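Working notes, structure below.
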């Protein structure tokens, strides 16, 4: 059981895409030594018991490395590898175990590139790693980002790095110069950087400068209103089409040159500006724009492309402000930039407001006070009476590091300090008078209602008998129905002071009145100087 062979050391596994290479060192000086490796695959999560198996491609090898790419098919499972030295029937102890999860130790392989030089630019097309392989370590090619390193092939070369799309154009190059470049694929989410492609070199051509091409293409955007501007050097007739491409199409490895669309309202125009706000349907993506110029000879020329990231390129405009005064409080109401209908400005920029207010006086050293608020309504105190205050507001977004210009100044004067006590006193007196008037009217109305009800339901006297039985009909109160119980009879005595008349005539009249059953009036016989009731008044009373 004893052996002179030593175990291999420094076991390493190198993974590029789906290519697996096992490497090690052998510390002995023995000759005619071969090496064999075994592996375990822990793909069965139900049990930790797994058998060691021979590693295909790594049996009886004479070198200190071997390729076992065909043995590994599960790239997210744990694998163990060990190796030993062999000579005829003699074997060394197994080496230490190398544990790996293939995906975590794998490197991104180099991409393939194609170059084409034309009209002073280089058109490059990048194929992703594993493009022509059946088995793939990297599932989604859309997750790849590509870094380009380019330099002029000269003695004083300067290296320039930039990000590119799978199909892209490299411009800003010197004409008739040889440029060399290499490309690297990366996976930013996994923090993986791949191997660079082999170096390719190509010679540039001279650019044809058509005089009617649009130049200096730029974007002006304010409050999510987007305009494209360009210059026209051509003195004769020329028309323009503004074209756009949705940004994600450039991430695809397909040719996107046929996917450009015309901006509605910017077709066959002669102006050197046009609004393309209608195509900005989402603020989470980005767009590319260019201008196609068409001469009177039916030749066309494409301008340089401009990238538009809506929330980045847009500028915030100043808000609108309204001011008001109540007592010694200053109230401001802010309308967000873009107006009340611009929800994008409010929702995506998370706007805050910086309010400046100060006394507008001849003293230039008056302190300017500043307050930052999140709401569109603010209140400020500690104001001086009978003073003109001015306000201006600035909108800003901390996340995007953007701020607007200040709004126009709005000024308002605070009321005088002496007026407020007088206003308070006058208000109290007027309110007291109104309360007293209302109370008086209410008491009067209740008294009148009480008197009327008492008169109707609880009368204090009866009608005369001559009225009660007159005409053979009972007297009825106009305020009571006929079914009510009769009211108590009362006597009405009317006394009229007249000239003194003959006592005999008065007695005769008294005798005649007593003989009538309708009579209800009586006179005092004991009074020697009584009053005489005229005959006319008695007739009226009977009627």
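Just so you know, the numbers here start at 1 and follow the chain as drawn.
The backbone N, Cα and C atoms fix where each Cβ goes, glycine too.
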- For the transmembrane segment entry in TrEMBL, name the matching range from 361-389, 390-418, 419-447, 448-476. 419-447
- Item | Mean of pLDDT values spanning the domain 'Fibronectin type-III' (7-111) | 91
- Task: May I ask for the residues of the chain that lie six or more residues beyond the transmembrane segment (419-447) and have a Cβ under 8 Å from a Cβ within it?
- Result: 327
